[in-house]
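These notes concern the structure reproduced below.
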Amino acid sequence: MLGVALAFSVHLINASALDEFQGAVRSVNGQPDLELRAVQGGFDEQVYAQVARLPQVRLASPVLEVQAIARTPDGRRFGLRVVGIDALVVPGIAPSLMPVPTQGPDEDTRFAMLSPGRAFLNPAAQQAAGTSSTLQLDSAAPGQPPLRIAGTVAAGGSALAVMDIGAAQDLLGRGGELTRIDLRLAPGTDRAAFVAALPRLPGWPANVRVAEPGDAAERASNLSRAYRVNLTVLALVALFTGAFLVFSVLALSVTKRAQQFALLGVLGLTPRQRLRLVLAESLLLGAVGSVAGLLLGGTLAWAALRLLGGDLGGGYFAGVSPRLQWSTPAALLYGALGLAAAGVGGWWPARAAQRLPEAQTLKGLGAGSATARRPWIALVLIAGGAVLAGAPAVFGIPLAAYVSVGLLLVGGIAGLPWLIEAVYDRLAPRLRQRLLPMLAIERARRMRGTAAVAVSGVVASLALSVALTVMVASFRDSVTQWL
């Protein structure tokens, strides 16, 4: 159940966050033909004057865009994207960013957009600001007064404030700086030739690149891809953990009911029927767990989107408040995966029930003492996992590392019987004078397989928790350093 819930909730969170982010980018950016963007930071506004004079450019719109934290007078804080624009140009490229001043008594609003310290909020920002009439930005330059809310914009998506670009430069202490220029090309312009000619202009900044209008969403998707792929892979590892827990429960159940299965065998139940009986139990567990997991996963995704956002607090979809995007095909897929995982987990206990020696089991002798297994299989798996962990990524995705996770997990579980034997052989001589500990130790030593099955579920679950924690923390730290 938990494996399906985790996998399905991660899928819903990823899909919902990307859908909302792409919608916000389309709403904010409008549909220019090309964008000139800084690779990092900003660039000199002289580039705008240089580009706007080119005959191939019909319209050029300068933009200064930053992500900030806004504070209301009563102390509430929320993420706010501040966009500085030229109100005389922006209607031709991104009409949804055109400010609509709020008409006040005895107030001339014709030039409100050009007034310093005035901001125009979209619906998401208005909801976050509540009844406040001013906002203070944490990233504002020293000595700057609070922003006065002077009207609205129609842009959807995350919380957004639009203001005059000159006022934005003064407010943020970034005079003479831009982060983007939106271009509308003249009819008949050869786009490829124009893009190739731009870097040859005199004094062209090295950190300015030409981007297609949809590249912003693609960059955010690429930035968070490793984060999302790792979460998805670990969610699938959770499915494996669920399969192993089914194996653990059914294996112990078959051991406990061994004499009952043997008696049924004597009364006419064939080995194949015993196998089908245990498999039916595992599939029933899988069906109930999958349905419960889908319900729990949808609830977890809704709660995570409301409380943490689409990146689980990572900051890679900053300011986006996505709505849950339910997917019936995905629900059916993850439900089927949960059912398959339960079936795989129940296969080995079912085989054990099929091979049960009826006469020995009825006499209380079980299946005979298990022969000591050498740990070489576990060591080979762990060594293979260690080697693959350092393998290079394929198309930016560490596929070998994911295989390494599986090998390390299976190798660790396969080595449990040997580890239990090695540890308990050293503990046994020290506990011979204490009856209850001695009985527990001796039982575990002589029934290493059963002890390993009981412990392996805890090992798999703890390994998954540690892997998820380390992955999220290390990825966030890496992205923070890169930024």
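Glycine residues also receive a Cβ, built from the backbone N, Cα and C atoms like all the rest.
Copied over from TrEMBL:
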type	residues	note
TRANSMEM	231-254	transmembrane segment
DOMAIN	233-353	domain 'ABC3 transporter permease C-terminal'
TRANSMEM	275-304	transmembrane segment
TRANSMEM	324-348	transmembrane segment
TRANSMEM	376-395	transmembrane segment
TRANSMEM	401-424	transmembrane segment
TRANSMEM	451-475	transmembrane segment
Express the predicted model's confidence over the domain 'ABC3 transporter permease C-terminal' (233-353) as a mean pLDDT, rounded to an integer.
81
Check for me, if you would, whether the transmembrane segment (451-475) reaches the transmembrane segment (231-254) - at least 3 Cβ pairs under 8 Å, residues 6 or more apart in sequence.
yes
Could you give the number of helix, strand and coil residues in the domain 'ABC3 transporter permease C-terminal' (233-353) as assigned by DSSP?
96 helix, 0 strand, 25 coil
Between the stretches 275-304, 324-348, 401-424, which one has more Cβ pairs under 8 Å with the transmembrane segment (231-254) than any other?
324-348
Out of 275-304, 324-348, 401-424, which stretch touches the transmembrane segment (376-395) the most, going by CB pairs under 8 Å?
401-424
Taking a Cβ cut-off under 8 Å, which residues six or more beyond the ends of the transmembrane segment (324-348) line up next to it in the same chain?
1, 3-4, 7-8, 11-12, 15-16, 19, 236, 239-240, 242-247, 250-251, 278-279, 281-283, 285-287, 289-291, 293-294, 297-298, 301-302, 305
